[in-house]
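This report refers to the structure that appears directly beneath it.
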Amino acid sequence: MSSQKRADSSSSFDQAERRSLDENERKKKYFFNREGSGIDNFETDDRVNEIINEQNEENVIDQSRWSKLWRIWNVGYSWFILSIIGTTVGFAAYMLDIVTSWLSDIRRGYCTSHWYYNEKFCCWYSETMGSSCTAWKPWTYKFSLNYLIYTAFALLFVLCAAIMVRDVAPLAAGSGISEIKCIISGFLRDSFLSFRVMLVKCVGLPLAIASGLSVGKEGPSVHLATTIGHNISKIFKYAREGSIRYRDICVASAASGVAVAFGSPIGGVLFGIEEMSGGYDPKMIVYSFFCCLSAVGVLHMLNPFRTGQVVLFEVRYSGSWHFFELLFFCFLGIFGGLYGEFVMRLFFLIQKLRKKYLSRWGVLDAAFVTVITSLVSFLNPWLRLDMTLGMELLFQECKSSSSPELINLCDPSLRTKNTILLLIATFARTIFVTFSYGAKVPAGIFVPSMAVGASFGYMIGLIAEMIYQRFPNSVLFLACHGSESCITPGTYALLGAAASLSGIMHLTVTIVVIMFELTGALNFILPTVLVVALANSIGNMLGKTGIADRSIEINGLPLLEPEKSINSSNTINIPITEVMASNLITIPSIGFTWRKLLGMMEGYDFSGYPVVLDSRSNYLIGYLKKSSLKSSFEAAKLEPSFTFDQQLCFGKVDSVGDSKSSKFGESDRIDLSAYMDVNPISVLHTQSIANVAVLFEVLSPSVIFIEKDGNLVGLISKKDLLLASKYYQEDNDLVNPANRHRAVSTERINDSYENIELKPLKLNIE
């Protein structure tokens, strides 16, 4: 295409505007090459076309004689797939619970009667009845040897987990919630949900937890459940990746992961709504609820805790709370907010240093953190215990258990000592969490944060109890009426756990419901709501978002949030022309052959190409995805009349003349309109970045076209808009992000069409 022709086709977009865009490109290209590295690992879906395709399928079914049977089949098939996913998630959770508890206890001793029993089951099924358990034996009665064995087992477990992650599935490291949130929002990454990742997550998670690292299973359980849903839907060919149905499966699977991790089906559904999906969809909620019920039902049937309960620990408090305790409860809420912000800031600082100095030494990094954690934890009873067991003891009333640890904790003469031990445990575990969560092993942060809050809460309860014992007749304690047991420290541990979890995740309703389902403490509704709301408010004032959203932002993961664009003064008034791709590779509706089309696809590997009326007018008539072009080419090759110089057309074009065209058959032209999106989404060039962000969020197309005076002047993809919004929110001078991929010379490609040599490269055209 000559320079004059290119100028004619660009007449609707004046040269001054183009010079401005080119100058921006030169000044800002570095930023987008740097920030786009994480985004490029993801593919974008096209939800608009998926909705249209599903509607077309519905129309075909409606025209069938068996439409009612087809609809019954489709509905029943959906519930069948969800039940399979829920059942598999429940069984996986059962195995995780059993294996994790055994590995955690084997560091401290073994069962003489049944080697495969953990300490709790060993004592339950032992023939010896009484306060002491003789069937469970420590490895040795020497403190130094037990210390060494405890650390050696921890090192062995973490090495196995870290090596598996490094050599088999690096994407299995960490929690996975941030990436899954991006996938649900429309940025797809099939490798993150692969069978290999699922396998490593299943095997590596119990090892990582049993190693003594301050990590939990809840976040990885969400990732594991989503990989299960993804792979089952692929086996049954139930949902196309990127479709609305696929999104619902991912949300339902993620919700079931939380449900089985906490034994909280309603909490799992709320987690899917509040944290993962970012919106309210009745169908998605019903799917999530059914999947959670299936998973928790299977877990209840398998009964991993041998108590008939699916919750980690059930609490029954004989008394209630007093209004004067709200003062102490508020302190717990403030602590939760401060804890969350402190851990997040320190964690991301450590991660920055890890990426800079330890990116090649993930296994040694995890091993070093584990050894230090084990050496310190063994010296403190509340760090040495498994975190869930420790919380179970801290949540109890003193008169409700005969556990040796709880007996010591409830001894009035040991209050000062226990307060110091809990303070040390709180501080040490907070530091451990910041180092452990970023290790290259499967790792969650829910339970470690709850354990920190529980130890701190019980410590505050002991302090409140000591104040009451010192001043029983104070005005502050009039509601106690001189009762000996007026304050229950276990309730403070419960509320502290809720506050810390809210502070780190910035969730509200989900945490309140999870705590109720987890413990059954329904008479503490008001205090729980108070501490969660206070912790979340403190966190919002200090950091705005929780650790999952902040990980998305810091790691450069793609998540388009239009509310940020709308509320940002930097993007609300900036026209979309500042960030669009203006040098486009287009397909004219006339004068194009297979030879030119294939050469263009090999030379310019984009996900799709706009189709225009002709090279001069740039009037947009449709959009062709590369996958659709490949499908049309494979079908056309089967026709006897196929040649590489055969003319292509896209529907009825008046200027072509009388030559015939057909989809495939005896003609001099082939009509590809059936493979083209004939209703692409386009906006005027005067629209702002914020408005276009809303369109991407609501409709989720793969690309939006920009028009001026009826002609195509540019396009913007979801990835490019995401980078642009981020750049503006950082108050920088913006460049055209799309030119990371599309900064090519329109003149060069069109002039080269005449000299293309056919090469059997990416496309099998021989």
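Note that Cβ sites are derived from N, Cα and C of the backbone, with glycine treated the same way.
The feature topological domain 'Cytoplasmic' is assigned by Swiss-Prot to 1-78, 218-252, 306-322, 384-418, 464-486, 544-766. As annotated by Swiss-Prot, region 'Disordered' applies to 1-22. Positions annotated as transmembrane segment by Swiss-Prot: 79-99, 145-165, 168-188, 197-217, 253-273, 285-305, 323-343, 363-383, 419-439, 443-463, 487-507, 521-543. Annotation source Swiss-Prot lists topological domain 'Lumenal' at 100-144, 189-196, 274-284, 344-362, 508-520, citing similarity to another entry. For E275, the entry in Swiss-Prot reads site 'Mediates proton transfer from the protein to the inner aqueous phase'. Positions annotated as domain 'CBS 1' by Swiss-Prot: 580-641. The annotation domain 'CBS 2' is assigned in Swiss-Prot to 676-734.
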With the cut-off at Cβ under 8 Å and a gap of six or more residues from its ends, the chain residues touching the transmembrane segment (443-463) are 173-175, 208, 213-221, 261, 328, 331-332, 335-336, 339-340, 343, 382, 387-388, 390-391, 394-395, 409, 415, 418-419, 422-423, 425-426, 429-430, 432-433, 436-437, 487-501, 503-505, 547
Within 10 A of the CB of E275 (site 'Mediates proton transfer from the protein to the inner aqueous phase'), the number of other CB atoms across every chain shown is 22
Hey, would you say the transmembrane segment (285-305) packs against the transmembrane segment (253-273), going by three or more CB pairs under 8 A that are 6+ residues apart?
yes
Exercise for review: Report yes or no: does the transmembrane segment (145-165) come within contact of the transmembrane segment (79-99), defined as 3 or more CB pairs under 8 Å with a sequence separation of 6 or more?
Suggested key: no
Taking the transmembrane segment (253-273) as reference, the highest number of CB pairs under 8 angstroms among 79-99, 323-343, 487-507, 521-543 goes to 79-99
Taking the transmembrane segment (363-383) as reference, the highest number of CB pairs under 8 angstroms among 79-99, 168-188, 197-217, 323-343, 419-439 goes to 419-439
Per the Cβ under 8 Å criterion, with at least 6 residues separating them from its ends, the topological domain 'Cytoplasmic' (306-322) contacts 121, 124, 260, 262-264, 296, 299-300, 329, 388, 391-392, 395-397, 399-400, 479-480, 485-486, 488, 490-491, 494, 517-521, 523-524, 527
Summed over the topological domain 'Cytoplasmic' (218-252), the DSSP helix, strand and coil counts are 27 helix, 0 strand, 8 coil
Over the topological domain 'Lumenal' (508-520) the mean pLDDT stands at 87
When counting C-beta pairs under 8 angstroms to the transmembrane segment (419-439), the leading stretch of 79-99, 168-188, 197-217, 323-343, 487-507 is 197-217
Per the Cβ filter (under 8 Å) with a sequence gap of at least 6 from its ends, the topological domain 'Lumenal' (508-520) is approached by 258, 262-267, 270-271, 274-275, 311-316, 395, 494, 497-498, 501-502, 528-529, 532-533, 536
Taking DSSP helix as H, G and I and strand as E and B, the domain 'CBS 1' (580-641) has 22 helix, 16 strand, 24 coil
Contact count check, CB pairs under 8 angstroms to the transmembrane segment (197-217), set 79-99, 168-188, 323-343; argmax is 168-188
Contact set of the topological domain 'Lumenal' (189-196) with the rest of its chain, CB cutoff 8 A exclusive, min separation 6+ beyond the ends, reads 41-43, 168-169, 171, 176, 179-180, 182-183, 226-227, 230-231, 241
